[in-house]
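Database features (Swiss-Prot):
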- Thr64: phosphothreonine (MOD_RES)
- Thr69: phosphothreonine (MOD_RES)
- Gly179, Glu180, Ser181, Gly182, Ala183, Gly184, Lys185, Thr186: ATP binding site (BINDING)
- Thr419: phosphothreonine (MOD_RES)
- 658-680: region 'Actin-binding' (REGION)
- His756: pros-methylhistidine (MOD_RES)
- 760-774: region 'Actin-binding' (REGION)
- 784-813: domain 'IQ' (DOMAIN)
- 842-1938: coiled coil (COILED)
- Ser1095: phosphoserine (MOD_RES)
- 1127-1146: compositional bias 'Basic and acidic residues' (COMPBIAS)
- Ser1302: phosphoserine (MOD_RES)
- Ser1305: phosphoserine (MOD_RES)
- Tyr1463: phosphotyrosine (MOD_RES)
- Ser1541: phosphoserine (MOD_RES)
- Ser1553: phosphoserine (MOD_RES)
- Ser1599: phosphoserine (MOD_RES)
- Thr1735: phosphothreonine (MOD_RES)
Amino acid sequence: MSSDQEMAVFGEAAPYLRKSEKERIEAQNKPFDAKTSVFVADPKESFVKATVQSREGGKVTAKTEAGATVTVKEDQVFPMNPPKFDKIEDMAMMTHLHEPAVLYNLKERYAAWMIYTYSGLFCVTVNPYKWLPVYNAEVVTAYRGKKRQEAPPHIFSISDNAYQFMLTDRENQSILITGESGAGKTVNTKRVIQYFATIAVTGEKKKEEPTSGKMQGTLEDQIISANPLLEAFGNAKTVRNDNSSRFGKFIRIHFGTTGKLASADIETYLLEKSRVTFQLKAERSYHIFYQIMSNKKPELIEMLLITTNPYDYAYVSQGEITVPSIDDQEELMATDSAIEILGFTSDERVSIYKLTGAVMHYGNLKFKQKQREEQAEPDGTEVADKAAYLQGLNSADLLKALCYPRVKVGNEFVTKGQTVEQVYNAVGALAKAVYDKMFLWMVARINQQLDTKQPRQYFIGVLDIAGFEIFDFNSLEQLCINFTNEKLQQFFNHHMFVLEQEEYKKEGIEWEFIDFGMDLAACIELIEKPMGIFSILEEECMFPKATDMSFKNKLYEQHLGKSNNFQKPKPAKGKAEAHFSLIHYAGTVDYNITGWLDKNKDPLNETVVGLYQKSSVKTLALLFSGPASGEAEGGPKKGGKKKGSSFQTVSALFRENLNKLMTNLRSTHPHFVRCIIPNETKTPGAMEHELVLHQLRCNGVLEGIRICRKGFPSRILYADFKQRYKVLNASAIPEGQFIDSKKASEKLLASIDVDHTQYKFGHTKVFFKAGLLGLLEEMRDEKLAQLITRTQARCRGFLARVEYQKMVERRESIFCIQYNVRAFMNVKHWPWMKLYFKIKPLLKSAETEKEMANMKEEFEKTKEELAKSEAKRKELEEKMVTLTQEKNDLQLQVQSEADALADAEERCDQLIKTKIQLEAKIKEVTERAEDEEEINAELTAKKRKLEDECSELKKDIDDLELTLAKVEKEKHATENKVKNLTEEMAGLDETIAKLTKEKKALQEAHQQTLDDLQAEEDKVNTLTKAKTKLEQQVDDLEGSLEQEKKLRMDLERAKRKLEGDLKLAQESTMDIENDKQQLDEKLKKKEFEMSNLQSKIEDEQALAMQLQKKIKELQARIEELEEEIEAERASRAKAEKQRSDLSRELEEISERLEEAGGATSAQIEMNKKREAEFQKMRRDLEEATLQHEATAAALRKKHADSVAELGEQIDNLQRVKQKLEKEKSEMKMEIDDLASNMETVSKAKGNLEKMCRALEDQLSELKTKEDEQQRLINDLTTQRARLQTESGEFSRQLDEKDALVSQLSRGKQAFTQQIEELKRQLEEEIKAKSALAHALQSARHDCDLLREQYEEEQEGKAELQRAMSKANSEVAQWRTKYETDAIQRTEELEEAKKKLAQRLQDAEEHVEAVNAKCASLEKTKQRLQNEVEDLMIDVERTNAACAALDKKQRNFDKILSEWKQKYEETHAELEASQKESRSLSTELFKIKNAYEESLDQLETLKRENKNLQQEISDLTEQIAEGGKRIHELEKVKKQVEQEKSEIQAALEEAEASLEHEEGKILRIQLELNQVKSEIDRKIAEKDEEIDQLKRNHIRIVESMQSTLDAEIRSRNDAIRLKKKMEGDLNEMEIQLNHANRMAAEALKNYRSTQAILKDTQIHLDDALRGQEDLKEQLAMVERRANLLQAEIEELRATLEQTERSRKIAEQELLDASERVQLLHTQNTSLINTKKKLETDITQIQGEMEDIIQEARNAEEKAKKAITDAAMMAEELKKEQDTSAHLERMKKNLEQTVKDLQHRLDEAEQLALKGGKKQIQKLEARVRELEGEVESEQKRNVEAVKGLRKHERRVKELTYQTEEDRKNILRLQDLVDKLQAKVKSYKRQAEEAEEQSNVNLSKFRKLQHELEEAEERADIAESQVNKLRVKSREVHTKIISEE
C-alpha cells in the first residue's frame, strides 16, 4: 500500500483512488470481534451488518446496525471481514468471500468515490453519475509503466497492463468493457483511448506530422477526435442512459515495433436506424439533430433551411428534446472541430450537415389520398423542395418517385401506385437508409484518415458494445444488442472458468474441475441455432405473404414448451404488448415482434435510389452508387434487391459481423472491465443492493474472484522465469554447466523465502497464486537496488582512491619543490654560487657550438636521406591510401555483414520464441474449440430427436402454406390438394383458367378508363404473382424432392468424411505437439552431452569407415529379418483368419443348438472338440505372436542401440574431419553434390551419365591425393602450433622491449622520428613497389578478360570452352609473370636488406621493436596462408561445378591438377619457410643476420600470398557474379540430398510402424505399401512429392471411409433385423464387431502413421531452414575470409555444432519411433489381455455347457442361462469394438448400451449376492440355475479342470482349492474387469459422442443453411422466370388489344 507521499503524484485524484494512511491506521485499530460480526440476510436491503447474540438449533439471533433483532437460519449468516479489509482494492484478497462482503466493499468504496475495484483478474467499475478528477494528464503520467500492484485500481492501470503485455509478450491485446446500458462503458472506452493516445506518442510529437495536406491534427488527436464525431451521430438518450451508444464499435489501436502509435481503425456494428424516425417518450433521437438546432452555429440553420425548434420536425420530437447533463451547443463545437481534425474536406463537411438536415425534412413530408382512389399524392411541395435542395435532387422527380415508383417487370419498367401508408413507410425507410449509409461512410473515412501507412506490429482492441437493455418496448434492435451481450458474457465465462481450468489440467497441475454453472449456451442456441429465432425470422422473410403473426406462430410451435429460455409473456397493464419472452443472463426480456419482417428485409424505393445515384451532392451519390459501394461502406444489406441470390437480411449481416468480432477477440489476450449500474435513478452516491447483486451474479464477478483465489492466475514460461528472476539467488543455478530451465526454476524457487504452496510446476510453465508474482517482482526490484547500490559504492571507492593517489603525488611534488626552493634560498648569496651562475652559461655555449656543428653535419646528411626517403614515402603513401581505402571498404562490408548476421540470429531467436508462443496458442485455440464443441454437444441429442419431427413438420408447413396461399388468392376450397398432388394440379388448372378470364376482363376495363388502370394492373400483378407462385411451388416441390434426397445423401457422405478428417487432424495435432516438446527437451540435453563429448573426438577418427560399413551390414541384416517377420506375420494373419472362421462356425453351431432346444450328447461333444481346437489354436497363435513381437522388438532395440552408438561415434569424428580435413571435406562434399546433381539431371539428360562415371573415378584419385594432403596438413598443423607458441613468447619479449623503447624515445625524440619514418618507408617498400602495381594491373586485366569470357559462356557451351581455355592460358601467363617479378623483387629486397643490416648495426637497441613487427607479420602470414588455402579450395570447387555442368571434365582435370600442383608447391614452400623461421627465431637474439633471412622469407611469402589473394578474390567475385545459377542448382541439389536423408530416416520409422501393424489389418497393408512407394518416388522426384503424398492420403481416407460406410450400413441393417430374429442378430453382430475392430485398428494405424509423417515433415522443415541459415552464414564467411579468419573458425564451429544437433535430433527421432513401437507393443499386450478375457468368457460358456450336460434335471434352465451369458458377452464385445464409431450411431446404440448395462448389473448381482436381487422375469430361473451350478461345480471341479486343460485359466481364476474359491470368486473377478472396461469404454463413447455431436451440429447447420439458400434461390428464380413469361403475355395482349 502506497504512502501519502507516494500518492502525491496523482495530485487531486489521490483521495478518489486510495485510502489515506490515517484511514488505514484507524481501520487497523478499530475493535473487531470475528465471532460476532456478521452479515445477515434482509428482505429489504438483501444483507445488513449485525452482531450475533446467540446461536441455538440452527438458528442465529442477531442485532442489526439499525437496532432491530432478527432470527435467521445458520445459512443466512455470513462472517464479516476484519476492518483492515474495508475498502480493499482487490476483492480476491478478502478473508471471507461471499456476496455481502463483495457488495459492502463496493458500496463503501463507492461512497468514498473510489469507483474502480479489482475483482481477481478483472476490474469492476461503478458509474458515479458525476464528474471525478481522476482522468487528467497528471493521473495518466502517474500510471504509466506502473505494475498492477503498485498503483490503485483504475481503467488506466488496465490499459497500461495491456500495453506492457503487448510489448513483452508480443501478442495482440483486447479490452472488453461490458455491462448494462448506462453503466459507463462509453466513458471508460474514451479514457482508454485517451490513455493510449497519450503514452504511445510521448516525446515523439515531431514525428507525428500530417502525411497529407488534408490532415488537420496529429494521429493521437485524430484518434481522440473520432469519439465526439461518432457519439454525435451514433449516441442518443435512452430511458437508462443519457449518452447511450446505439451502435457497437471495436477500436483497434495499432502500434509499431517500438510501442509507438502507428495507426488505428474502427469497426462498427448494428447502428439503431429505427431511432431516426421513432423514439419512446422518455428518449430522444441522435445528438446531432439537437446540436444543429442549438443555434450555436447560425450559418447551419440558414444552410439547412431549418428552425431552432425541434418540435417543428416530427422525426426528432417524439420524445424528449433536451438532456440536462448534455450541453448541445458545446457538443456541436466539439463535433465540428472533430470533423476538421479528422481531415474531412469542406465539401464533405457540408454534405454531412445537408444530409442530416434532409433527414429532418423527410419527417415533415405530407401526403394525402386522392378522391375516390387509394393513390397517394403530395400535400404541398414546400418541405419536399427543401429536402430535394439539400440532397441535390429535383423535388418533382422526388415526389413522383415516392408516389409513383417504377417497378421492373421482366425487361420493362411499370409505374406502380402507392397508398399514403406505403409512401410514409417508403419515406421513413429512405431516411433511415441515408442516415445509416452516411454513418458507415464517415466511419470508413475516419479509418482512411487514421491509416498512416506506418509499419504495424501489434494492436490493442477496445470493445464498446451497447449494453444489455430491458425497455418497456423491446424490438429487434434490443434482441440483437442483448444477444451480443450474451455472447460476450459467454466468452468471458469460457475464458475465465473453462480455459483457465483446462490450462491447469493440460500442464499437469493437480486440479479438480469446478463447474460454476455459468453456461449460457441454451439461450444463445435458442437465438442463433438452425430453426432458432433468427433462422425462423430469415425464413419468414423469404415468403412474400408472411406476416408478424405467422412469424409468432412459428416461434411458438418451435420453442414454446420445448425450451426453458423461451416463454409466453404475461400481459401487464400500462406496458406495451409483448409477444414472447427470453430469459437472458441479465434478466427476462419481453419482445414485441411488430414490424420485424420489414426491419429484417429493409426494403427501399428503387426509383428514389436511382435519383440518389444521380444527385449533385457527391457524397449522396457515392452512398448509393451500387451494391459494390454498399458493401465497401459496410452496408451490403441495401445492395442486392435485383436478384434473390444477393438478398441478405439485417439479422444475417448482424450474425456475420458478430462472428467476425468473436473471432477477433479469441485471437487476442482479453482484459475485462465490468461496469455496474448503482441505481436506476441516476443518483450519485446511491446504491441499490438488489440491483448491484443481480449484476454481480450475472457478470460472474464472484466466480471470477473464487477461481482467482483457488487457481493460479499468473504463469510464466520456465526459460523466461529463469532469465528474469535468476538475480534473486544466482548461486542456486550452477554456472558453467547445462541445466534444464524447469529444474533451474525449481531450484530457484526452492531457494527463495516464499510460501511453496503458492505455486505449482506445469509441463512448460510455472504457475503462481494471485499476488505471488507481484511479491517476486518486489523482491527482484529490491535485489536489483542492492546490486546497483553495491556497484555504485565500488565505483565511488575506486574513483576516491584514484583521487587520493593524485593528491599524494601532488603533495610529494610540492614537498620536492619546497625543498629545492629552500635550498636555493640558502645558497643564492654564496660567492661561489654567484661565480657558478656567471661561468655556467659560457661553458654551455661552447658545448652548444660544438654540438651545433656536429648536428649541422648530421642534419645535412639526414636531410639528404630524408629527401630520398620522402620521395619514396610519397609514392608509397599514395599506394597506402588506395590500399587503406580498399581495406576500409572491406571492413565496412564485413561490419555490415556482421550486423546482418547478428540481426538474422536475433530474428531467428525471436522466431523460435514466436513459434513456441504460437504453438501454445494453437493448443489453447484447439482446447477452446473442443470446449465449444462440448458446450454444443448437449443440445445435439435434443436436435437429433427433433430432426425427423422437424422434417415432417417442415413438409406439413410447406403444404399448409400452399393451401393458405390458394385460399387467399384463388378463393377456392383446395383441401383435396393437400391429400393428392393430382387433384392439386387439376385445381390449379381451373384457377389458371379463371385467372386468365379475369385478366382479360381487367385488360378490357383498362382500355375503357385510364383512371382504373393502376388499380387493375395491381390486381393483375397480384394474381399473376399468386398463380406463378403456386405453379412454381407445385413444380419445384415435385421436382426437387428427388434432388433433395440425393443432395442429403451426398452431404451425409461429405459429413462423414469431414468428421473423420477433423478427428484425425485434432489427434495428430496433439500428438505432434507433445512429441515436439519432448524432442525439444531432449535436444537441449543432447546438445549439452555433446559439448562434453567433443574432447574424445580425436581418438575415434580411424573407426569411421569401419563403423559405416558395419551400419550397412546391420541394415541389410535388419531388412532380412524384417522380411522374415513379414512372412511370420502373414502366417499369423492366416491363423487369425482361421481362428475367426472357426469362431464364427462355433457361434453358428451354438446358435443352432439353442434354436433346436435339445441338443444331443453327440452334438455337444462335437462342439466341445471344436471349441478345444479353437482354444488351442488361439493359444498357439498368441504364443507365436508374443514370440514374434518380442523378437522384432529385440531386433529393433538392438538396431536402434547400434545406430545410436554408431551415430554418436560419427558425430564425434565429424569435428575432426571438418577441422583438420577442410580441403578434403569440401572437395568430397562438392563431388558428392555433383554426383547427386548428375543423378537428378540424368533423368532429363542421358548424356551426363558418362560424366558421373568420370567424376566417380576422379573421386577415388582425389581421395588418395587427399590422404597424402592430410598427412601434410597434420605436419603443418603441428609446426604451426609450435610457431604460435614461439610467436607468443616473442610477443611477450617484444612488449617488454616496446616499453623500454618508449622510455628511450622521450630522450631522443628527433632521431626516433627519423627512424620511424625510415621504418615506415621500409615497410611500404617491402609490401609493394612498382612491380606490384604492374602485376596488379595485369592481374586485373586478366580478371576482366576472364569475367567477359565467363559471361559469354552463358550464351553457349562452345563459347564456354573457349573462354575457359583462354582463362587458363592467361592464368598460366600471369603465373610466369609473377615468377619473373618475384625473382626481380627478391634481388631488390636483398640489396635493401644489406642496407638495413648496416642500419641495424648502428641501431641495435631497436631490434626488439622490429622483432615485434616480425612476429605480428608472422601471424598475419599464417592467417593469410589459411585464407589462401580456403579460397583455393573454393575456386577448385567452383571450377569443378562449372566443368561438370558444361561437360568440360578434361579442362576441369587440367585446372584441378594445376591448382593441386601449385597447392603442393605452396605447402612445400610454407613448410620450408616455417622450418627456417623456427630456426631463425631461436637464434634471433644472437645472430643479426637472422632478422634479414626472416624478413626476406616473410616478404616473399607476403608478396606471393597477396598476389594470390588478389587473384583469387577477383576470380571468386567474377565467378560468384556469373555463377548464380550454378549456386542455386547446388543449393537445390543439397536440399534434395538433405531431404533424401531425412525422409529416408522418416521412411524407415514409418515402415517399422506399418509393419508392426500389418499383421492385424491385412486390408490396410496394400495402402501402407502405396504410402511407402509414394515416399520412395518423392525422394527421386522432389517436384511431385507433395501431390503424391496427398493423393496417397486421399486414397487411404477414401478406402477407409468406404470400409467404414459399408460397416455402418451392415450395422444398421443388423439393428433393424434384430426386431425380426434374434439368431440372425447374433451372427450379424459378430460380423459387424469383427469389421469394426479391423476398421478401428486401421484408423489407429493411419493416425499413428500420419503423426509420424507430420513429425518427420516438421523436422525436415526445421533442418532445411537451419541448413539454409548455415549456408548464408558460410557465404558471408567466405566473403570475409581475407580479414576475419577467426570469425570463419567460429562460424564453422557453429556449423559443426548445428550438424551435430541435427544428427542428435535424428537420433531423438529414432528414439521417439522406438517409443512408439514400445507403445504399440503395450497396445498389443492389452489386446492380448482383451483376448484372454474373451477366452475366459468362452470358457465360461463351455463350462456352463458341461454343467448342463451333467445336470440332467436342470438342462433346459442351464441352457437358458448359457444363452443369456453368451448374449451378455457378445454385447460386451460389441460395445468394446464399436466404441470408436459411436459418434455416428449413438441413437441406434443407446438401447444396446442400456441392455448391456442392465445385463452387466444382473451378472454383478448374481456373483455378489447369489441371485437375491434379480430382475423379476429371470429371478426364479437364475436362482435355480445358481444353486445347480454351485452344487455341480463342488462335485465336478476337478473333472472340469482335467477336461478343459487350461492351466492359464486355472491360475488366473484361482481354481486352487475345491471349496474356498468357487464360481462366486471367479465370476466376481470377471464382472469387476468387465465393469471397469465398460466404464472406460463408456468414457470413450462419451468423448466420441461429444465429437460426433459437434460435427453433426456443424454439418446440420451447414445443411440447413444450404437448404435455405437453395430454396430461396429456386423460389426467386422460378418466380422471376414465370413473372417474365406472364408479363410478356400480358404485354403482348395489351398491345394486340390496343
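Placed from the backbone N, Cα and C atoms, the Cβ positions cover glycine too.
The residues near the ATP site, meaning same-chain residues not in Gly179, Glu180, Ser181, Gly182, Ala183, Gly184, Lys185, Thr186 whose C-beta sits within 8 angstroms of the mean position of the site's C-beta atoms, are Asn127, Asn241, Ser244, Gly467, Cys675, Ile677, in sequence order.
Note on proximity: among Gly179, Ser181, Gly182, Ala183, Thr186, the binding-site residues of the record, the Cα nearest His756 (pros-methylhistidine) is that of Gly179.
Secondary structure at Thr64 (phosphothreonine), taken from DSSP and collapsed to helix, strand or coil, is strand. Counting every protein chain shown, 22 other Cβ atoms lie within 10 Å of the Cβ of Gly182 (ATP binding site). Taken through DSSP, the region 'Actin-binding' (760-774) splits into 3 helix, 6 strand, 6 coil. Taking the C-alpha atom of Gly179 (ATP binding site) as reference, the shortest distance to any of the modified residues Thr64, Thr419, Thr1735 belongs to Thr64.
Looking only at Cα atoms, Thr419 (phosphothreonine) sits nearest to Glu180 among the binding-site residues Glu180, Ala183, Gly184, Lys185.
A simple Cβ count within 10 Å picks out one of the recorded positions Thr64, Thr186 as the most packed, and that one is Thr186. In the three-state DSSP classification, Thr69 (phosphothreonine) falls within a strand. DSSP assigns Gly182 (ATP binding site) to coil, not to a helix or a strand. Thr1735 (phosphothreonine) sits 65 Å from Glu180 (ATP binding site), taking the Cα positions as reference. There are 27 other Cβ atoms within 10 Å of the Cβ belonging to Lys185 (ATP binding site).
Note on the recorded positions Thr69, Ser181, Thr419, Thr1735: the fewest other CB atoms within 10 A surround the CB of Thr69.
Long-range Cβ proximity for Ala183 (ATP binding site), meaning a same-chain Cβ under 8 A and a gap of 6 or more residues, is found for Thr125, Asn127, Gly467, Cys675, Ile676, Ile677. Break the compositional bias 'Basic and acidic residues' (1127-1146) down by DSSP state and the numbers are 20 helix, 0 strand, 0 coil. Residues in the region 'Actin-binding' (658-680) partition by DSSP class (helix H, G, I; strand E, B; coil) as 9 helix, 8 strand, 6 coil. Spacing of Ser181 (ATP binding site) relative to Thr64 (phosphothreonine) is 34 Å (Cα to Cα, whole number). The DSSP secondary structure for His756 (pros-methylhistidine) is helix. The DSSP breakdown of the domain 'IQ' (784-813), given as helix, strand and coil counts, is 30 helix, 0 strand, 0 coil.
With the fewest other C-beta atoms within 10 Å around its C-beta, His756 stands out among the recorded positions Glu180, Gly184, His756.
Thr69 (phosphothreonine) sits 44 Å from Thr186 (ATP binding site), counting Cα to Cα. Looking at Lys185 (ATP binding site) and Thr64 (phosphothreonine), their Cα atoms lie 36 Å from each other. Taken together, the residues of the region 'Actin-binding' (760-774) have an average pLDDT of 82. The Cβ neighbour count for Gly179 (ATP binding site), using a 10 Å radius and every protein chain shown, is 25. In this structure, the CA atom of Thr64 (phosphothreonine) is 33 Å away from the CA atom of Gly182 (ATP binding site).
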